[in-house]
Amino acid sequence: MKNWKVVLILGFAVYAAAVGFYFGRGDIYSLPSGSAGTSIDPHTFMSEGEIGRAEVLSRIRSIVYFLQTPLQLVLLILLVGTAIRFRDRIEGWTRRYLLRTGLFVFLFLLVVYVLMLPFDYFMLRVERHYGVSNVSLGTWLVDHAKNLGIEWLTTTFVLLLVLALMKRSPRKWWLWLWTFSVPLLLFLQFIQPVIIEPLYNEFAPLRAGELKKELLHLASQAGIAADDVYEVNMSERTNQLNAYVSGIGSNARVVLWDTLLQKMDTREILVVMAHEMGHYAERHVFWGSGLGLVMSFGLLWGGSRIYEIAVRNWGRAKGLRGPRDMAGLPLLLAIVTLLTLAVTPINNAASRLMETRADSYAMKMTGDGQAGVSAFQKLAAANLSPVTQPALLQWFLGSHPTIEERIRYFGEFAAQKAR
Ligand SMILES: [Zn+2]
């Protein structure tokens, strides 16, 4: 039956044309009238060239995102036949269940990785061309190998768990999976900053120097031990600026990129740090995980139904032996991709809410609206970020309020304080 494949490919072509048309239009980054010359107008803190590059970069990133995600979905569905062939081949190699599953997952993920690699390579070239990335081809390849390794281990583990749960409880396996996902997710959050992140970059306690005294003061007000503040050497990889909070419990920490320490002055760094401390003090990693768990309850139920229906009405004819066939992995991954995409706007809305709270926490702690304004102007210039973007992009890619909204907030805070 080749018809559905033709429909799938034609449908994708029409969709791709629409995406190209939408992000090719001229006016999607324009600011409201009356903002010319104000602190949100990029012409007051970025060069004409930087503004142009920021918009082109954002257009390219958006087109790639909106093509790559659905393409991955289509690809996974098209790869069900390949997965079945892998399964048959591997069953001839070994009788050991664990080895079979591990080999199968590795081969399948490798194929998906290689097929999606051109997108990532294209983005590497683009980001290097625009000067936001310094990642060498070697580092990029090593990173992808590490990603593949981590995904191989986690996917094999989860697949084994899913297949075992399906065997024990053919109707309620999704509920059991959800129950196990609670400690699993918390465990992953816990080891993230001490095991996963150091695989990619070097972390060290902040060499604060002059900053140290003010930092200690700020940290103690937020109830954070100063040795939970780290810096990471991102300057080898990027010219962009960032800071974040990661980990839970005794591994919770604030991380500052060294690029940020190099390019911002003390007052600006303190605002950024106070923002991160807001995340830390209000335990946003914890709340984010909580939201994920609540949503995954519904998603796992819905996903399990979709999977069973897809296997029954379509997969069996393709050669799947039933829901408990490891060759169902591409279908499971396709459903995860689809449902993740569907809840991305919800996750981003929750994230923007926490970011807004962290911004106001930063103002409460430092009272320095001026430094907030200049920090985000520097951020926009260094990261080549347009100060605003269309709502569609905010829904799917906007984990933070726009830079326009943030500069506006800090500016109003400064003006109110001056009154
Ligand atoms: Zn934040």
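Glycine too: its Cβ is placed from the backbone N, Cα and C atoms.
Taking Cβ-Cβ distances under 8 Å and a sequence gap of 6 or more within the same chain, the neighbours of GLU276 (active site) are ALA243, TYR244, VAL245, VAL254, VAL255, LEU256, ALA358. GLU276 (active site) carries a helical DSSP state (H, G or I). Residues or ranges marked as active site in TrEMBL: GLU276.
ASP359 (active site, proton donor) has a Cβ environment of 23 other Cβ atoms inside 10 Å. Taken from TrEMBL, the feature active site, proton donor applies to ASP359.
Positions annotated as Zn(2+) binding site by TrEMBL: HIS275, HIS279, GLU355. Around HIS275 (Zn(2+) binding site), the same-chain residues at least 6 positions away in sequence with a Cβ under 8 Å from its Cβ are ALA243, ALA358, ASP359, TYR361, ALA362.
Annotation comment: TrEMBL describes 73-201 as domain 'CAAX prenyl protease 1 N-terminal'. Along the domain 'CAAX prenyl protease 1 N-terminal' (73-201), the predicted structure has mean pLDDT 94.
According to TrEMBL, the feature domain 'Peptidase M48' maps to 205-408.
What TrEMBL records for 63-86 (among others) is transmembrane segment. Listed by sequence, the residues of this chain that lie at least six past the ends of the transmembrane segment (63-86) yet keep a Cβ under 8 A from its Cβ atoms are 5, 8-9, 12, 15-16, 19-20, 23, 104, 107-108, 111-112, 115-116, 119, 122-123, 315, 318-320, 327-331, 333-334, 337-338, 341, 396-397.
Residues 64, 67-68, 72, 75-76, 79, 82-83, 86-87, 90-91, 144, 148, 151-152, 155-156, 159-160, 163, 326-327, 329-330, 333 of the same chain lie 6 or more positions beyond the ends of the transmembrane segment (98-119) yet place their CB under 8 Å from a CB of it. Marked as transmembrane segment by TrEMBL: 98-119 (among others).
As annotated by TrEMBL, transmembrane segment applies to 149-166 (among others). Among residues of the same chain six or more beyond the transmembrane segment (149-166), those with a C-beta under 8 A of the stretch's C-beta atoms are 98, 101-102, 105-106, 109, 173, 176-177, 180, 196, 199, 323-324, 326, 329, 332.
The annotation transmembrane segment is assigned in TrEMBL to 173-196 (among others).
For 285-307 (among others), the entry in TrEMBL reads transmembrane segment.
Annotation source TrEMBL lists transmembrane segment at 327-346 (among others).
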Exercise. What residues in the same chain, six or more past the boundaries of the transmembrane segment (173-196), come closer than 8 Å to it by Cβ-Cβ distance?
Worked result: 150, 161-162, 165-166, 203, 246-249, 251-253, 255, 285, 289, 292-293, 296-297, 300-301, 303-304
For this session: Please list, for the domain 'CAAX prenyl protease 1 N-terminal' (73-201), how many residues fall into helix, strand and coil according to DSSP.
Result: 112 helix, 1 strand, 16 coil
Exercise. Who are the long-range neighbours of the transmembrane segment (285-307) in its own chain, taking Cβ under 8 Å and residues 6 or more past its ends?
Worked result: 173-175, 177-178, 181-182, 185-186, 189, 245-248, 252, 279, 323, 328, 331-332, 335-336, 339, 343, 346-347, 350-351, 354
Problem set entry | Residues within 8 Å of the HIS275, HIS279, GLU355 Cβ centre (excluding the Zn(2+) site residues themselves) | VAL245, GLU276, GLY278, HIS284, MET354, ARG357, ALA358, ASP359, TYR361, ALA362
Problem set entry | For HIS279 (Zn(2+) binding site), nearby residues of its own chain (Cβ under 8 Å, 6 or more apart in sequence) | TYR244, VAL245, VAL254, VAL285, MET354, ALA358
Problem set entry | Where GLU355 (Zn(2+) binding site) falls in three-state DSSP terms | helix
